[in-house]
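Annotated features, as they stand in TrEMBL:
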ACT_SITE  13  active site, proton acceptor
ACT_SITE  41  active site, proton donor
ACT_SITE  139  active site
BINDING   12-18, 40-42, 304, 330-332, 412-414  GTP binding site
BINDING   13, 14, 15, 16, 38, 39, 40, 41, 128, 142, 223, 238, 302  IMP binding site
BINDING   13, 40  Mg(2+) binding site
BINDING   298, 299, 300, 301, 302, 303, 304  substrate binding site
Ligand code: GDP
Ligand code: IMO
Ligand code: MG
């Protein structure tokens, strides 16, 4: 049976949590493969709203096994409080599996994230301050702490020492901060060991055996294509690979096992944090999208920057992820505009450009070229099939599909599980 990837096609917050939850009832495993608690995935089930940061959204579907893959960075204190928060609300979290190879976000990684951002001043990235970049940097520098290290005290001590050696020099001499004591960090980390032990396992083996046994595995991306460290708007990106290839490296499942890659695509565009955003609106339309769409960060509470749909970005997402489908979300938010501009290409130095430029300076100078599509005023939140949508909403979806290069197989018309129009089945 197939493995499916579900990922963000823009700058994150496209509605991945809702889409994952929708499929959660029909899949056996939901796997996070990158990122950490920088993510904020909202799931609305009936009158209950959940904000998930580190846990895969499949945790809310009783038949589904949630997995934190080797590519994720795990803050143990956040994980434990997320688990207890869900337990208090009656959610069974006992099936969770965590890769022993996942890296741990240590307290000093969080400190380094915050001080480096402060040091960058106006050049800052606007990170979530959760220690994501410094933890991945330690991983690549081969001084990271892995979940399995919690179960060997002497190795843990040596590794924390190695990691803190250079960092303490930086913290005290460059950033004017106090040195961090190795013993204290080790003691804190050891305190998590027993609590996490029931979940820790060889997730690579579990997932591959599951696929051999015809189980369905869904990979849930965090962040989005344009925040990818390789394919995003570097340096204004996150420090992992949300794009489809990341699902393989971040889980140990080979690319031949993946049969479908679904891009979650908002019917307009949002971005949190710094960096270029060609269709950003700094006028009342941007304000209206923010208000109607409830565009406020789930993790940091920051207002999201808002703009019109950008087809150049959608085409790029189709290409770098090999998308087979789109799930278009938040179409309902666009109800009420007489005309809806859609960016079909960019103007860069007086020339029309159809594809995302690889050059950072070109992208910074890209001006959107808009086509105006006619809007609709009818409420669409109770639409159950494509034909229930007003003609202009149908035409908007069809135009986006044509420009974006992959079929739109589902449409979100509200935050709830059932506020979805399913066009082609994902399974
Ligand atoms: P994620 O990070 O990709 O999971 O997305 P977020 O949860 O950060 O942000 C998406 C927001 O849009 C959440 O508040 C969702 O409940 C909401 N949402 C998702 N799909 C729809 C939709 O089709 N219509 C509306 N109105 N809201 C949606
Ligand atoms: P979900 O999974 C939107 C952004 C931050 C910042 C940049 C780097 O909910 O879509 P980081 O803390 O990752 O080093 O910050 O990436 N960012 C997100 N933006 N949605 C997210 O996650 C994000 N996770 C990180 O705002 O610009
Ligand atoms: Mg989010």
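Glycine is no exception: its Cβ is also placed from the backbone N, Cα and C atoms.
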Inset, instruction - Would you find the one among the recorded positions 13, 303 whose Cβ has the most company, meaning other Cβ atoms within 10 Å? - result: 13
Legend entry - Lowest local Cβ density among 12, 15, 40, 301, which the record lists as binding-site residues, within 10 Å: 301
Legend entry - Alpha-carbon distance [residue 299 (substrate binding site); residue 38 (IMP binding site)] in Å: 7
Inset, instruction - Find the one among the recorded positions 13, 298, 299 whose C-alpha lies closest to that of residue 139 (active site). - result: 299
Inset, instruction - Would you kindly give the Cα-Cα distance separating residue 298 (substrate binding site) and residue 40 (IMP binding site), rounded to the nearest Å? - result: 5
Legend entry - Close-lying binding-site residues around ligand 2 among 18, 40, 42, 301, 302, 413, where CB distance stays under 6 Å: 40
Legend entry - In the chain carrying residue 304 (substrate binding site), residues 6 or more apart in sequence that have Cβ under 8 angstroms from it: 13, 270, 271, 272, 290, 295, 296, 297
